[in-house]
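The compositional bias 'Basic and acidic residues' annotation in TrEMBL covers 736-745. Residues or ranges marked as domain 'Ig-like' by TrEMBL: 1-78, 83-176, 181-277. According to TrEMBL, the feature domain 'Fibronectin type-III' maps to 282-384, 389-486, 488-581, 585-681. Annotation comment: TrEMBL describes 728-756, 848-878 as region 'Disordered'. Positions annotated as transmembrane segment by TrEMBL: 701-723.
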Amino acid sequence: MLTAVTCIVDSGDGPLTTRWLKDGQILMEEELDATVMYAQEGRVSTLTIKELAYKHNGNYTCVTTNDVATGSYSAVLTVKVPPRWVLEPSDIIAVSGRPAKISCQADGVPHPHIRWKKATGHPPEQFKTIVSSSHVHILVNGSLNFPSIEPSDEGYYLCEANNGVGMGLSTVVKLTVHSAPQFHFKFKVIGTRRGERTLIECSSYGNRPMSFIWRKQGVVIEPSSEPRYRLVNEELVDGDRTKLIIEKAERKDSALFTCTAINDYGEDSMNIQLTVQDIPDAPQNLEVHDISSRNVRLTWNKPFDGNSPILQYTVMWRQINDKINGETFLGDIAGGPITVPGSETTLTVRGLRPKTRYFFRVKCQNSLGESQFGAEVAATTLEEPPRHAPEEVRAITLSSRAINVTWKVPVEDSDDSIEGYYVGYKLYGSPDTFTFKPVESIKGRTQYFIVSNLNRFTEYSVVVQAFNARGAGPPSEEVMARTLEFDPPGIPVIKTYYATSTAIKLSWELSALPSAPISGYILHHRLEDHHWQETHLNGDQNVYTLRDLQCGSTYYIYLVAFNSVSQGNSSEVISAKTNGNAPIAPDKRMLLSVNKTTVTVNLNSWHNGGCPITFFVIQYKSAGHHEWTLVSNNIIPEQQTITITDLTPGAWYSLLMTARNDAGSTDAEYVFATLTLTGEYPPRPSEVSDVNGSFYRHLTITVPVVSSAIVLVAVLCVVCVITRRRTSGRSPRAPDGNDNREPVKPDSMPLSVTYDSSQEPAYYPSPYATSSAPGFSREHCVQSSHQQQNMGTFGSGRCGYAYDIPYPQRREEKFDGNYESSIVYLPAYHRTGSQLRNHQEQAIYEIPDLGRRKPDSSISWRETGDGNSSIDSDDNEDDLILSSKDRMHREEARESETECDRLWKNFECSQYEESKRWSTDRERVILT
C-alpha cells in the first residue's frame, strides 16, 4: 500500500533546509523503502512509502531550518499488522495427575487476543470456549495450563489469535493423556465376623497393562504360603480390579492390607484396614465386696472385646432355699437384669433381702452380640430388724366405740422382713403407756386393724411399729382420733321423681335413729361432664324440687344425709331428664320463600322441640360447588326472617341450616331452585348419578364410622355387664374400714328407660331419592294392682326403669309429625363457620307427601292416697307447669303438670306413653 506524508512550511525566510526523523533518529530511506521529495525551494517536503509494513510504525518528525531559527512538527504513524505466530501450538502427550501446558503465542498490531476452545462430540465438529478455572486457566502469554491434568481433559483443542486485522490465526492440536494407576479412595476400613468368607477388593483406573501387588502389614502376600488366601484380577471398562478372598476369617487376619497398582506411567497404593469382629469373651474374676443386709458390691475384669467396643455389662442374680409360708422353697428366683455401661467394671446391687443367699453372674455385649455368662459367685446378705416406721398411719373414726387404724408398709422394707405389727393406743394426753395389740402382717402394702371397745366421744393417741425375729422397728408418729358422740346417718333411698322442662321433683325416705340423728341433707346434682352442685336441705324434708335446670338435659342426682358427727353414705345415683328435645326441622315450603334472585328463610317455621332455640347458623352453596358460603353463625330467633340476596336466576342451590337449643342441635339441608327470568322452575339435576356418586364418595368415611360404632357398642355392653356384677356384690363398707361416702359417678348408675320392640319402618318409598326417618319407640308401663302400690319407687320393681352400669344405652327414637315432606336424620359433628362450609353431605330432593300420624302422648295418674298435698309440693307448683307452646305441641293429651305436681304425693303414674322423643345428640337433617 503506497503512503505519502507531506510537510509544508507556511512562513519563514529562505534558504530553507528540511530533514526527516523517525523515532528521534535520522530517517534512513533505504531501510524503510521510502523516498523524500522537495519542492518550492524547500518549503514542501513529501515522504513517500511504497509498501507499508510493521517496521514503518513510529513517530515521524519534519525539521526545517533557516539562518534565523529551526521549526519542527511530529506525527505518529501506526500500521495495523495481522497476527503472526511467535510460538505455534502443537500436539502434546501428558500423564494424568501431573501438570501440562499447551503453548500458543502470537504477535501483531494491535496485539492479538488468544482464545482457547475444546472440541465436543464424536467425531469432534464443534468447539466450546474454555473459561479459566481452578482446573485449567489461560496464561498471560496465551498458553493453556493444566495444574493437574485428568483423563477427561484428553481431546482436540483450538487456539485462535485475532486482533481485528486480517483473518486471524487458528490451530487445532491434540492432547493425549496417559493415566498412571489411581484409586478413588486411599484408605477404607472393612469389618467382618470370625468364620465368615471375607472379600477385600480395590479398583484402579489407568492405562493398561496394569499389575497388582498385595501386602499384609508391609509383607507381600504369597497365596502359596497361606491356603486361605486367594487373589483374583479382573478387567473393568474404565480400569482393573483385584480381589483378595479370605476363606473363614480368623482373629489373626485383623491387619492393614495394602493394594498397589503399577503400569508404565506410575503406581498408586490403597490401604485397607481389616477388622475381624467377634462376640466378646465372658467377664472374668467376678468378686463380691462390702456385703450388708441389703447391698452387695460386685467387681470384675474387662474381657477381650472381640474388636468391637463393649456396649454394656448385664448383671443377674438368683436366690435359692427361700422360705415361703414357713416352708422351704428349693426353686430359683431370678433377679435383675441390671445393665452397666461398657466403660465400668463395678456395680452395687441394692434392694436385696436380708439373710438371703444369692448367686451373681455377669455377661457383656458388643454390637455383634452377647458373650456367655462368667462363673457364678455366691454371697449371703445379713439379717436386720425393720429399719423404717410404718408410713401414712391414719386413725379413722368408725363409730362411737371403734377406730380403724390403717398404715402402709415402707417401700424400703420387703414383706419377708416384717413378721407383724404392734398397734398401740391410749387416752390422748395421758401419761400412761400405750396398750399394744399384736397384728399379723397380711399380704399387700396396706395394713389395717380396728381398735374396738373404746369410750364414746373420747380422744385417743395411736402409734404403729413393725417387728420381726431381730426385734421391733421404730414407731410411727402419733396420730389422734376421737370416737363419735353419735353414729353417722343411714343411706337415703330416693323413692320417686317427676320432671318438667326446667325442674325435677324428688322424694326420699330415711328414718332417724336415736344413735344416728339427722341434721340435714346435701343434694348433689350435675349435668354430664359438669361439676357437682350441692344443695343443703333441712333434716325434716323428704321432698325437694330442683329448679332452673336446662331444658331437655339429663341430670345425675344423689343424696347424702348428715348430722353433727359426719355425713352418711350416699344414696344410689339416679339419672333424670328434663323435658324437651333438639329443634325439629320444618318442611321446605314453610321455611323457604324463593324468587328469581333471593330466598327468604322463615325462622319461625322451626319447632323448638320443647326448648327455646338459642341461635341459628345458615350457609348455602350453588349446585356443583363444594365450598359453603356462611350467611351468619349467630342468628337469633327474634330476627324471624333472613333474606339471602344476589342469587343467580334459574339455578339450583343447597341451604344448610343449624338450629341450637339446650337439648342439642339439628342440621337440615334443603335443595331449592331460584326462578328463571320467565318465572318458571329450572329442570332438576339427575338424582341417580348424584346419589350413587355421593354414596361411593362417602364410602371411605361411612365404613370406618360404622365399624367404630359397632366396636364401641360391644365394649359398652361388656363394661355394663362387668360393672353390674361388681355393684351387686359390693359391701356397704370398704375393706379398710372407711365409710363409703364417695358419691358414685353418674355414668356407673344411670336410670334407664325400657322401650318396646315395635318400631315403624324407617324408610318410605320415593320416586326421587331414598329418605330415612328416625327410629320410633314408646315407653310402656303397665302394672298389676299389687304392683301399682310401689309405682314410682326405685328398686321396687317399677316397669320401664332399671339401674344399668356403667353407661345408659343409646336409643333411637321416632317422632311422627304432620309435615309435608320426609325428614332424614343423619349423625353430624358440631360444626360452625368454615368447618361447616367444608363439610359435604348428600342432597335428597323433594319427596311426595305421605300420610303422617298425629303425635300422641298422654300421662294417666291413679289416686292412691288421701289427696292431701305436702307443703313442699304446694310451694313448688309453679316449677312444674308446662309452657303454652309445649302443651299445644303435645295437643293437651294429658293432664297439666301443675295438677300432677299438686297431686304428686297422692297420685302415682300407672302408665306413661310418649311418642315424641328426640335424641339430645346433634342431628343432621336433609330436606327438600
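Glycine is treated like the rest: Cβ placed from N, Cα and C.
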Checklist outcome for this item: Averaging pLDDT over all residues of the domain 'Fibronectin type-III' (282-384) gives 85
Next on the checklist: Just to be sure I understand, if DSSP states are collapsed into helix, strand and coil, how many residues of the domain 'Ig-like' (83-176) fall in each?
Outcome noted: 3 helix, 50 strand, 41 coil
Checklist entry - How does the domain 'Fibronectin type-III' (282-384) divide up by DSSP, counting helix, then strand, then coil residues? => result 0 helix, 55 strand, 48 coil
Next on the checklist: Just to be sure I understand, if DSSP states are collapsed into helix, strand and coil, how many residues of the domain 'Fibronectin type-III' (389-486) fall in each?
Outcome noted: 3 helix, 49 strand, 46 coil
Checklist entry - Tally of helix, strand and coil residues over the domain 'Ig-like' (181-277) according to DSSP? => result 3 helix, 60 strand, 34 coil
